[in-house]
Every structure is written in C-alpha cells, then in structure tokens.
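**Q** Quick one: the structure is below, and I'll ask about it shortly.
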C-alpha cells in the first residue's frame, strides 16, 4: 500500500539529511605536511571526515580505536589469556598487528595479556586452495613471541597443531561438510556454519585455557550481521551478535570484537601503512561464490555494500542502532541448545500466528466443522520441547534427517 | 499430475501460500485467510462488543480486503461492531479522484456508511500531500466519534518498517512499529492493524479470487527514497526465503533497548491539542508555513525553518519601521 507521508512511519524523516556522497578513493597523497604534527612526510593519509595526516599519526589514531574499545569497557582483566582468531583476511591481520604492537609498548602503555593465535583453515569446507603455509609461518616469526596454532574447520578441537607441526590433512571426510550438504538452502548452511565455527573456536580456546577470544569484525561486518540476524528471526539475540562482548560461548569463554569501531577505509590504510599482506581477499567467505541472491546473508551483505556507496552514513547508522539494543536476557529462561541465545518462543504472538497459519492451511474449508481447536494445536506445536530457538528451528527443519547438534 | 489441495478436501490446488508454502484450493485459501484474521483479532482483543470502528479506506487492495473481511467476520463471529468507512481526500489530482470512486464502490458493495473528509474541511487548505495522512485520520476519526481505527497495514509493510527504522537508527519508531495496537492513551483514538500477519501477496490473491474492486495504481508520490530501499531489499529477501517477512516482524518484536537509550516523550501539541512528539506538531508547523507563505517550513532541518521565520520577522519589522517613518512625515 502506499504509505507516503504517514507520521507513524515518518517517511521523509531523514531523507533530506542523506545527501548522496561519493567516497574519495584518495588513500595516499603526494608529499606534504601532516596537519597534526606538522612534519613533512612522503605519504599522507586522508580518511573521510579527517584531515590528511602522516603515517605515524594515522597509526596512532587507528590503534587508539582498538585500545579504546578494550579500555573503555574495562572488559579485559589484567594478564588475561587471549586467543586471537586469524582467518587470513585483512582485518584479522590488522588485529594481529595491533595486538602485537600493544604488547611491545613500554610498561606504562602495554596491554597486559598473554596472546595466542589460531589460524582457522576453512579450505576443506569452502573448497578453495589451501593456505600458503610459508606465508603463515612468516607471520608467526614476524609476530613472535605469539604462539601460532592451526585448526581445520570441521575437525575435532584435539586435532589442533602448532604451526611448525602442521601439514594439511588430506582426507576430505569431514562431518561438517556432510551436515552442510544435507541442508537444502544456502541461507541455512551459512547460518549453521557460522554457529559451528564459533563452537570450534570456543573449544580451541578451552583447550588452550584462554578465557577471551578476539575476533576481527569491523563495523561493516557488524552492520551486515545485525540486518542478517533480523532477517533470520534472531532479533532477540542480535545485540550479542554485534556487541563488543558476546558471552554465549560455553565454558565461560568470552568473545570480544575490539575492531568494531574501525571501518573499511581504515583497514585498507593500515594494511598499506604496515605493508601487510592478507592471505585471502575479503568476500571469500563460504557460499559467496553463489552470487547475491543465493542466500539471505549474501543478499544483506550486498545490500549494505550497495547502500554504503550512495549513502556514506549507512554502515555507521546501522551499527549505532546495534549499539543501542540489548539482548533478551532472562535468567529463568533456558537457552537454545544450538546457538545458546535465550529462548523466547513460547511468548510470541507472531510465532503463534505462523503455527496457526500452518494449522488452518491443513484444515482448509473444514476448519469450522472438525470442532478441533486449531489454536490449541498451534500452541502445542510452538511448545515443542526441542530446546531450539525460532531461527535454529528453521535450520533443523531443513535437515531432512538427523539432528542439528 | 495436478497438485491436490493440502487440506485433503479433494479439490485441485489453485495457489501456493507464500506464508506457509502449502498448496491450497480457492475455497480452503479463503477459509484459512479469514480464519487467520479472526484469530489475530480475537487473540489480541482488538475490538470490544458494541464499538464503533472506522476502517481507514484508501481504495487500495489492503483497505478493500480489510473492509470486506471485517464485515464478513463481524457477521460470522458476531463481533457486534458498527463499521464505518473513513476516507481522507488529500486532493491529489488524478490519484485521489479515482481511488475515491473505488471507496464509494466499496460503500455500496459492503453497505457501510462512508465519510470522506477533505483536507479543506480539516485544515482549511487543499494541498497535494503536504500534511501526513495519519494525522488527518486522527482528526477525522474524532469528528466521527469512533472507538478505534482499523488500518490496512499488512505484514510486508511492518517488516519493511522494521528494516527501514534499523537503517535509519530510529529507535523510537522501532519500539512501536511492530505493535498491533498503537495510540489509545487518554485522548487518542487507538489504531489497530488486523492484517498484521497477512502477506501482501495473499491479500492480492484474496482480492483477485474474490473479485474485489480495488484501485491499483501506485500513489504518485511513492516511492520515497529510503523506504524504497527497504522495500526493494525486503522483496529480494522474500524471493530467497518467503518466511522472512514473519521472521523480521518477530525480530522486531524481540528487540530490546538499553536503558541508556532515550525514550521519546509523548506530548500534545500546545497549539492544536493533538498528540505529537514534537512541539509544536508537524501539522501546525506545515500549516504555519503555508499561512506565512513559506511552504518549505517544516520540510528539512528545524534550524533552517527557524532561520526562515526569523528572517521573515526581521523583514516584517523592517517594513513596519519603514511604514512608521513614512507616517511620521
């Protein structure tokens, strides 16, 4: 229906503020003076909404975002055991570099924690070329004294190896791959894989006795994740998907996202400034090769990227919305056995409406004759004690045989 | 081989329901569609016996189906409601004239009284979409003395609004956009959405198979830039997974806000006394703009508007002084 001009939905609310802008490509300009420290420099870094600055000033600025995210929330106890998850992307290398730098500073400024790095090898699941082992080993020497480990996605946590002992396993007999093949839609596969990856990282953290895990999601990832979570029906737990701290992992492991305030441009600049070499290009995630319209996740990420090009504030606005929401938490409610979010299926009118639709569709014209209480039937279905949340039920429904777990 | 209706009534299926994916015959679809709306109305206690309910009628498919189904359910389940059609004539040339004809047709078809309120009656101005229609609905409903207004917002509209408010970071609207009943405070008329769980596609199918008369030209002012993005995105999502619409509504309902997030205060406009979150309300600002000859007032930034008023006042003062000077001599 045409809903123009309803103040309930306030159509023209922000339209005027959304002037179409184009992102300047300008990464590094010719020699000039840094507007911050006034030192002449060969390379100047001009970020959106900032004046041009020299390499040192830029690095200090970017690193401060990382430290501020951790420091302001007072979330990392002194001398915590930290596991950094490396996936080979530019973001994860930036995180590694920043963490390494934070540890080499003098005592006063040093980030006091003990870090280990785990590289998650996804090549079997993704069907792409194996990682360049030499490049990975170079990283481990460059970033000594961090211990580097490798784990293959889908393998048992016990199969984790130190980098120097690691050689790719050749048998493709991976249970995760079998499960993924059973799921009918790419949407469900990507959703399932994301959860399994998280579980694996959590197990690895427990094996290495780490209490905190660092993931390298940046603002655009989190904006996409928020919209994806909403589209998947995970609104109740979406806040944890995008927050600095996600405590849904088992065994009291806490997932942190210290790069959440960085944007793509800052990552690019940082990579350039520090001459880092990403092992994989962005967008090489699972299922991306099937195109935009293959899954809700692909579609959402394309949508955000597209909107960001025309409206430069899209990502930050969505991301800030994510900052304002809180997760459903009710200590009396049990959590989903799969994704460990708080269960809320029983209380929802909307879910009852979906089940009721199914019941009346089955009854058809005879729905008044049968005398059966269809609402009761719908309620019974909704109260199914499988311990899954609404979104995980959608994955389970696609699994023709076998259990999700 | 023809597909048989899922309900095992023996008929051939005529359509596949987007909402559940079930193949149904025409009759079973009608029964299911109507039963769902009845379920929504009864489980959320949208109406009470003896109430006078205004059906916001635009002549479009949603309001036509809403009027049809409400009349039918009112008789079938004996709600005991007095239904009236309420239509607002904004005076958009070409669009409103035709759609009002459709509304009149609805009045004759469903034997419901119809009240068409024009902007001229309400505000003393005829204008093409300058004031929000919902504001006009509120004022119109007050004139008619109804207990609640039923609007034709369907599941797609609500899901789209959830997405749009996330994209805009509008937490205030995000809080209330999924609720089935809005308003209903001391001096506001509650608005209810009986079609909240009905898919747009199913509404179109229902109207089509029931051969209902509706006006199907898109409003000339649609689509608005930002809502347009959300709408296109939702349609794409729906193609991938049709259940996404209900999932988004569910997500929207489940969103909770941190205590630190400011809640909007619901007040009344000091000038006209109607409910508004702004001071003075948008309608008053826009009307003032028209009366002052500054039509851009209230469109765009508030500070800009204030500057325009200040400038005009200054000019007026200057002119007055000039007049004084002239008179002195």
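A Cβ is built for glycine as well, from the same backbone N, Cα and C atoms used for every other residue.
What TrEMBL lists as domain 'tRNA(Ile)-lysidine/2-thiocytidine synthase N-terminal' is B:52-216. TrEMBL lists B:56, B:57, B:58, B:62, B:88, B:152, B:157 with the feature ATP binding site. Per TrEMBL, domain 'Cytoplasmic tRNA 2-thiolation protein 1 C-terminal' is recorded for B:267-297.
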**Q** Quick one: average pLDDT across the domain 'tRNA(Ile)-lysidine/2-thiocytidine synthase N-terminal' (B:52-216), no decimals.
**A** 83
**Q** With ATP as the bound species and B:56, B:57, B:58, B:62, B:88, B:152, B:157 as its recorded binding residues, calculate the greatest Cα-Cα distance and give it in Å as a whole number.
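**A** Of all Cα pairs among the recorded ATP binders, the widest measures 20 Å.
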**Q** What does the DSSP secondary structure composition of the domain 'Cytoplasmic tRNA 2-thiolation protein 1 C-terminal' (B:267-297) look like, as residue counts for helix, strand and coil?
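**A** Per-class counts: 11 helix, 4 strand, 16 coil.
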**Q** Around residue B:58 (ATP binding site), which residues of its chain at least 6 apart sit with Cβ under 8 Å of its Cβ?
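**A** When sequence neighbours closer than 6 are ignored, residue B:58 (ATP binding site) has B:87, B:99, B:103, B:152, B:215 within Cβ distance under 8 Å.
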**Q** Taking each of B:56, B:58, B:62, B:88, B:152 in turn, which of these binding-site residues have a Cβ less than 8 Å away from a Cβ in chain A?
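**A** Among the binding-site residues B:56, B:58, B:62, B:88, B:152, the ones whose Cβ sits under 8 Å from a Cβ of chain A are B:58, B:62, B:152.
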**Q** What is the Cβ neighbour count of residue B:62 (ATP binding site) at a 10 Å cut-off, with all protein chains included?
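**A** Step by step: centre on the Cβ of residue B:62 (ATP binding site), count other Cβ atoms within 10 Å, giving 26.
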**Q** Far apart in sequence but close in space: which same-chain residues, 6 or more away, have a Cβ under 8 Å from residue B:56 (ATP binding site)?
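**A** Looking at Cβ-Cβ distances below 8 Å from residue B:56 (ATP binding site), excluding near sequence neighbours, one finds B:63, B:86, B:87, B:137, B:149, B:150, B:151, B:152.
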**Q** Does DSSP give residue B:58 (ATP binding site) helix, strand or coil?
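**A** Its secondary structure by DSSP: coil.
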**Q** Taking DSSP as the reference, which of helix, strand or coil describes residue B:152 (ATP binding site)?
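**A** Once the DSSP labels are grouped into three classes, residue B:152 (ATP binding site) ends up as coil.
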